[in-house]
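The next block holds one structure in the form of structure tokens; read it before the comments.
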Amino acid sequence: MKIIDWNQLDTAAQAQTLTRPAQTIATQTREAVAALIEQVRRGGDTALRDITARLDGVDLATFEVTAAELAAAATAVAPELQHAMQTAAARIEAFHRAGMTNGYRVETAPGVVCERLVRPIARVGLYVPAGSAPLFSTALMLGVPARLAGCREVVLCTPPSKDGRANPAVLLAARLTGVTRVFTLGGAQAIAAMAYGTASVPTCDKVFGPGNSFVTEAKQQLAQAGVVAIDMPAGPSEVLVIADAAANPAFIAADLLSQAEHGPDSQVLLLSDSDALMTAVQTALALQLQQLSRAEIARQALAQSRLIKVATLETAFDISNRYAPEHLILALRQPRAWLHRVAAAGSVFLGDYTPEALGDYCSGTNHVLPTGGAARAYSGVSVSSFQNMISVQAASRSGIAEIGDCALTLARAEGLDAHANAVALRMGTVP
């Protein structure tokens, strides 16, 4: 990673510096996903068996994990990992429970009462990937808020291993969080199955979870077609670090690499006003890379990442808000004093001893976050992601007499005579 001096760049070069790795979906991928979706829509379970055999190399008679298999999963997971998962789930629940939205009721005028009701989405689908490694942590991050929201049915799909079984840790996470049904299905076909429903897989109202380019494309296509709602735009993982001269370069290098190892299309950025720190981070990166099992993946990600020298930390925050990172680390001496400058980020990590990896696993916050700049308008998954907000209003005879003239004036100004008539008829019955 080379050091770039922000002040030496013109406007076009600055924009180019903040450009993320090209995320254009190849026409071939888009067409392949569309074909898979259509195959599942038309063929249901039969199509799912054919696709699973072709893409996963597994012949499955049934997709659903039995209650006995779920119960047995705990015996296949090491006690230390079980304890860690239980601890993480408890912290995730504590954080998400504290932020739950309550309904409210307010009288907006004499005789006019407006309310907001909070209702769970009836049936939700969770996707837990298992590419280079089964992400049982994602099952915790999605399953806990779904349970707190009160969803009647929570469906989870995760790819089968070569023996046709789901990963035991994923099954344990599903059991810990109260997931109601689990299916060994992966890829775009799993998303299509939850969106359209099959004889085995129930139709879901909303689908959550990360995945590869096929999963992401399937979610986008099905959402754009109005078939199913999705959690948020998805994309490769990213982190932006703002650091001062006193930050620990080894810590920063470790945080950058923890994101870079996700995939070659991940992006990491370091912004600092200290040349010495950035040089030290370069050295630390080279040393730590030698010890990583996924070093080659991390190197590819670092090749399209940036070390950006800024004149002031204020400028660093302006750049960060423009970039809107998924993860933002403030490696500063008084990080909380700078928090008011953060306007767009998925999740923020304060100080030298809050690595992003804590948020990935067990601090309690959710790691399913907006990427690709979507943090300017989207938030990470929360309990409210699994709920609907329903508005209610009730006007008495005196209430419509109180506000009816306002409605008549507005309706007539918009030329909507039927709207005006619906109010006027009622006002005519008020003594």
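Each Cβ is built from the backbone N, Cα and C atoms, and glycine gets one as well.
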Check Swiss-Prot for me: it has S237, Q259, H262, D360, E414, H419 binding substrate, so pick out which one of H96, H327 it puts in that same site. H327
Work out the three-state DSSP category of E326 (active site, proton acceptor). coil
Based on Cβ atoms within 10 Å, give me the single least packed residue among the binding-site residues N212, S237, Q259. N212
According to DSSP, does Q259 (substrate binding site) fall in a helix, a strand, or coil? helix
Where's the emptiest Cβ shell within 10 Å among the recorded positions E326, D360, E414? E414
Validating a neighbour-count step here. Other CB atoms within 10 A of the CB of Y127 (NAD(+) binding site): how many? 29
Most Cβ neighbours within 10 Å: which of the binding-site residues H262, H327, H419 is it? H327
Taking DSSP three-state, what's Y127 (NAD(+) binding site) in: helix, strand or coil? strand
